[in-house]
Amino acid sequence: MPAATMATPGYLACRTSVATLLFFVLLRRAAILGAGGAPSPARIVDYLIGYTRVGDMDKLYSQYADRYLDVTLHGCERAVVDPLGDMRHVLASEGASGQEFTASVIWYYVFPDVCFAPVFRREYLRCIRPRKLEDCYTTSPFMWTREFYVDAFLAGSGTGIELLGLNKKLTGTYMLVVRVGTTTRTALVTVNVVGECPTTMEEVTTTLRGNCWRGRQYTTDFNGDGMYLFDTEEEHRRIVYKAYQDKLKVASPNATDAPISYPRAYTGADERLAPYTLQPVSTDDHYLPGCPWGIGCDLDQTSASGVIEIEDHDESDVRLVSYPPPTLPSPGPGGNENGAGYSDNRPDPKVVGPTVGPGAIILVVMCAPILIGLTAFTIRKYC
């Protein structure tokens with residue numbers, strides 16, 4: 001383009017308008033990011049991803065958990081796993097001051113080399129004297145990895161999950177991390193699948209492996225890839241139960257209608273379990289002899305289960321923490337906290353996306369018509 005043309009007032013005005021419009025777009029994005037609503041790596045912008053930092057998962061994993069639980073699933077059995085149980089005393093303690101606080105519930109699948117793959121996450125903001133997590137005024141949508149996890153609130157505590165028709169590839173250790181204000185509660189659940197359930201979906205552990213992060217990466221970030229957004233738990237329940245019925249039909253083709261049995265309930269012990277003394281493990285890798293997963297296998301067929309832990313990313317420091325297995329309750333429904341005898345007059349929590357401050361909203365509303373109109377006029381006249 002000739003220099004004379006580039007210097008014309010129309011051309012300069014066109015470039016100025018385009019630059020102004022670009023500045024407006026960047027300003028709006030900066031307002032959203034500055035308000036704590038950064039888009040997730042999975043590009044799901046209406047999820048409050050990363051608002052509550054997880055912290056160093058290696059430290060959480062190497063410390064003694066508040067609850068330990070062993071779960072054995074037979075074939076296409078379904079089970080409600082609620083290791084932490086009633087959280088009302090924790091919520092009451094954090095809310096005693098009357099100050100707002102945040103909370104989060106995250107389940108991880110833990111690989112033998114101590115790599116954490118999130119399978120469920122939900123966050124709660126603006127919690128003011130809540131009786132249960134759902135009383136918080138702002139709640140993020142449900143985020144799931146795969147459709148065989150369902151109904152995080154069936155157990156009543158708001159932190160449990162239901163497992164339906166897991167296959168043997170998902171045998172291993174699951175870690176629950178619940179943060180309520182300044183309080184953290186953890187649980188390690190060893191899931192052993194006895195008997196195969198038909199697979200009606202893609203290779204699951206491969207997907208989890210591709211989306212697992214090392215412990216210290218969770219201190220400053222969170223990987224949202226591989227997780228799916230469900231606006232309502234009813235939508236997720238419909239999808240997962242349909243997949244579960246398909247599995248049952250494959251397992252029992254002669255059945256006219258695939259029945260969905262009532263789930264078994266697995267809950268944690270009433271008191272914190274005291275771990276045994278740490279025992280050194282002599283092994284060249286992260287796997288125990290005769291234990292394909294390296295986690296959650298019996299030590300001598302009669303002793304307690306164990307879990308490998310690695311501290312400070314030193315792969316030579318592999319230790320085994322053994323603990324007494326809890327006594328499992330009789331099969332039956334998980335409790336329902338909503339029927340605890342109190343009335344809840346709070347408004348329904350809102351599922352919201354990234355939050356934007358009032359100043360940013362006013363600025364966008366005032367400047368948008370002017371900038372868009374100026375840009376359109378200039379482009380029509382000079383470009």
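Even glycines carry a Cβ here, placed using N, Cα and C.
According to Swiss-Prot, the signal peptide annotation covers 1-30.
According to Swiss-Prot, the topological domain 'Virion surface' annotation covers 31-358, on the basis of sequence analysis. Confidence in the topological domain 'Virion surface' (31-358), given as mean pLDDT, stands at 62.
Per Swiss-Prot, the feature disulfide bond maps to Cys76-Cys197 (among others). Annotation note: Cys197 (disulfide bond) sits in a coil segment as assigned by DSSP.
The disulfide bond feature in Swiss-Prot is assigned to Cys115-Cys212 (among others); the stated evidence is similarity to another entry. Around the Cβ of Cys115 (disulfide bond), the same chain contributes Arg209, Cys212, Trp213, Arg214, each under 8 angstroms and 6 or more positions distant in sequence. DSSP gives Cys115 (disulfide bond) a coil state; it is part of no helix or strand.
Among the features that Swiss-Prot reports, disulfide bond is placed at Cys127-Cys136 (among others). The secondary structure of Cys136 (disulfide bond), as reduced to three states from DSSP, is coil rather than helix or strand.
The annotation region 'Profusion' is assigned in Swiss-Prot to 244-311 on the grounds of similarity to another entry.
Here Swiss-Prot flags 315-349 as region 'Disordered'.
Taken from Swiss-Prot, the feature compositional bias 'Pro residues' covers 323-332.
The transmembrane segment annotation in Swiss-Prot covers 359-379.
Among the features that Swiss-Prot reports, topological domain 'Intravirion' is placed at 380-383.
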Is it possible to get the count of other C-beta atoms within 10 angstroms of the C-beta of Cys212 (disulfide bond)? 20
Which residues does Cys76 (disulfide bond) neighbour through Cβ under 8 Å, counting only same-chain ones at least six apart? Leu164, Gly165, Cys197, Pro198, Tyr244, Lys247, Leu248, Ala251
Cβ distance under 8 Å to Cys127 (disulfide bond), same chain, sequence separation 6 or more: which residues? Leu91, Glu94, Gly95, Glu100, Phe101, Thr102, Ala103, Leu133, Asp135, Cys136, Tyr137, Val180, Gly181
Suppose we draw a 10 Å sphere around the Cβ of Cys136 (disulfide bond). How many other Cβ atoms does it contain, all chains included? 22
Cys127 (disulfide bond): secondary structure state under DSSP, collapsed to three categories: strand
Cβ neighbour count (within 10 Å, all chains shown) around Cys197 (disulfide bond): 23
